[in-house]
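Engineer: Next up is a structure, given as structure tokens.
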Amino acid sequence: MGDKRLDQKLPPRRRAWDLTLRLLICACAAVTALLVAALIAYILLRGLPGVTWQLISSQESYLNNTIGILPSILNTLYIIVAALVIVLPLGVGAAVYLTEYASSRRLVRVIEFTTETLAGIPSIIYGLVGMMFFCQLLRLKTSLLAGALTLVIMILPTIVRTTQESLKTVPESYREGALGLGATKWYMIRTIILPSSIDGIVTGCILAIGRIVGESAALLFTAGLGLKLLGNFFEAMGGSGATLSVALYIYAMERGKFEVAFAVAAVLMLIVLVINFAAKVLGKRLKNKL
Amino acid sequence: MENIITSQDLKLYYGNFEALKGITVELAEREITALIGPSGCGKSTFLKTLNRMNDLVPGVRVEGQVLYHGQDIFAPEVDVTQLRKNVGMVFQKPNPFPMSIYDNIAYGPRLHGTHSKAELNDLVERSLRGASLWEEVRDRLKKSALGLSGGQQQRLCIARALAVQPDVLLMDEPTSALDPASTIRIEELMAELKKNYTVVIVTHNMQQAARISDKCAFFLLGEMVEIGPTEQIFSMPRDKRTEDYITGRFG
């Protein structure tokens with residue numbers, strides 16, 4: 001018979017060890033949170049004072065000696081739209097094929113492995129390949145379109161994988177239910193599977209937008225460094241222009257204008273926040289509509 | 001009574017494993033047939049073959065015939081969606097879609113081409129009444145079906161199956177995930193459904209089979225040992241194995 005008393009405390013050494021580990025783990029969480037918060041605060045504090053209406057509503061003018069980043073803001077949005085419009089059907093389609101249609105497990109594993117590998121390739125390599133293939137071979141020159149296409153290849157794995165994971169979480173019983181009523185496979189996918197996995201697709205989009213917005217290396221080679229207004233969406237696709245990240249690089253590294261670079265960084269962060277928020281709301285709306 | 005489904009020497013293989021070893025059975029119109037037998041005996045497999053839900057399982061091969069109103073359901077010209085429209089299915093776990101009660105019921109009719117609002121309203125009400133769920137949900141048709149209790153969800157699934165106007169309902173242990181009170185409601189509902197539909201139910205619950213079915217088929221190791229009127233199966237089974245199973249000597 002062991003000791004059945006319940007009011008005995010743990011031995012002091014174990015208690016101390018327990019407490020230490022707990023503190024360490026709390027410290028890890030705190031350091032992480034602090035780092036993020038400090039980074040955001042630093043950028044906003046240094047950047048926001050430089051964000052004037054003139055900066056975000058005009059383009060650079062040598063005559064007036066003013067700096068404006070409207071072209072880069074537009075280029076960023078254009079590239080996001082162009083890349084998503086192409087990558088979404090492609091990536092979601094591929095994911096649907098892999099999870100719902102593909103019958104060879106081997107093939108699926110091979111494709112999954114390649115997409116994962118694709119996701120791990122440094123972006124500058126995508127830039128190089130994009131320049132060779134889109135800009136030169138396909139004669140798109142250095143243009144937003146070439147940049148967007150390069151990004152499509154770069155973020156395709158993210159979209160495919162997140163969509164796939166989300167399709168896999170749709171319960172098998174939904175599929176049985178729909179097919180049991182006489183639904184064809186595509187009808188089932190369109191009415192049950194895709195709407196149920198909209199969350200994952202939105203998450204994929206947010207990750208993709210994050211990568212697009214943050215990308216500089218791949219775009220330096222393919223979309224170029226232009227800081228002039230390119231006109232409407234379709235005109236802009238054919239022109240060379242810098243996105244905000246690339247503009248940030250230009251201002252910081254080539255011109256040494258750090259206050260402008262920080263202002264660009266602040267704008268960039270705000271845009272990412274707004275887009276992510278909007279995507280979440282949109283995803284929720286779509287889900288509720290089901 | 002006319003036979004609505006006839007299976008003739010039906011054999012089914014999962015790869016090399018013979019899961020059904022030549023099942024010959026006739027299912028009469030407007031009767032409840034219960035399929036009983038220990039786990040893995042092939043009763044669920046047989047049930048799923050009747051509307052070809054087994055097509056979804058990779059590596060399945062079927063020999064023999066299943067006739068629905070005299071038509072071979074495995075014939076190449078058969079449209080499986082039409083088959084499943086006529087031979088509906090209710091699953092073990094209630095599986096309402098993540099949408100409103102109304103849209104759940106309307107799913108099947110819409111799928112088969114009914115889009116008129118009035119017609120859909122009518123179908124939804126009739127189906128919910130048919131599954132004796134109407135009174136409970138009439139004022140929250142637009143609410144999510146996932147908010148219903150387990151028993152209500154299962155009746156919703158029955159209503160959803162009724163909405164495409166089948167004449168056969170296959171039920172795969174429809175009450176095994178439900179509490180006793182909900183189970184009784186579903187059993188009462190089945191007695192109602194029998195007036196208009198042919199019901200085939202797989203159940204592990206001997207009392208349930210005895211309570212609700214007109215005929216009972218006993219499956220063992222992929223064979224159908226015996227089929228007969230429920231009363232006879234339970235009081236004087238012809239086969240020793242049936243008797244052993246029913247009296248609880250194995251299971």
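Every residue, even glycine, has its Cβ placed from backbone N, Cα and C.
Automatic prediction, not curation, is the source of TrEMBL annotations.
Found this in TrEMBL, in case it helps:
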{"type": "TRANSMEM", "residues": "A:21-45", "note": "transmembrane segment"}
{"type": "DOMAIN", "residues": "A:73-279", "note": "domain 'ABC transmembrane type-1'"}
{"type": "TRANSMEM", "residues": "A:77-98", "note": "transmembrane segment"}
{"type": "TRANSMEM", "residues": "A:110-134", "note": "transmembrane segment"}
{"type": "TRANSMEM", "residues": "A:140-160", "note": "transmembrane segment"}
{"type": "TRANSMEM", "residues": "A:192-213", "note": "transmembrane segment"}
{"type": "TRANSMEM", "residues": "A:233-253", "note": "transmembrane segment"}
{"type": "TRANSMEM", "residues": "A:260-279", "note": "transmembrane segment"}
Engineer: Suppose I define contact as three or more CB-CB distances under 8 A, residues 6 or more apart in sequence; do the transmembrane segment (A:140-160) and the transmembrane segment (A:77-98) meet it?
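Structural biologist: Contact between the transmembrane segment (A:140-160) and the transmembrane segment (A:77-98): present.
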Engineer: Any chance you could find the range in A:21-45, A:77-98, A:192-213, A:233-253, A:260-279 with the most Cβ pairs under 8 Å to the transmembrane segment (A:110-134)?
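Structural biologist: Between the candidates A:21-45, A:77-98, A:192-213, A:233-253, A:260-279, the best contact partner of the transmembrane segment (A:110-134) is A:77-98.
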Engineer: I need to check the long-range neighbours of the transmembrane segment (A:260-279): which residues 6 or more away from its ends have a CB within less than 8 Å of a CB in the stretch?
Structural biologist: 40, 43-44, 46-48, 50-51, 55-56, 67, 69, 72-73, 76-77, 80, 202, 205-206, 209-210, 213, 244-245, 247-248, 251-252
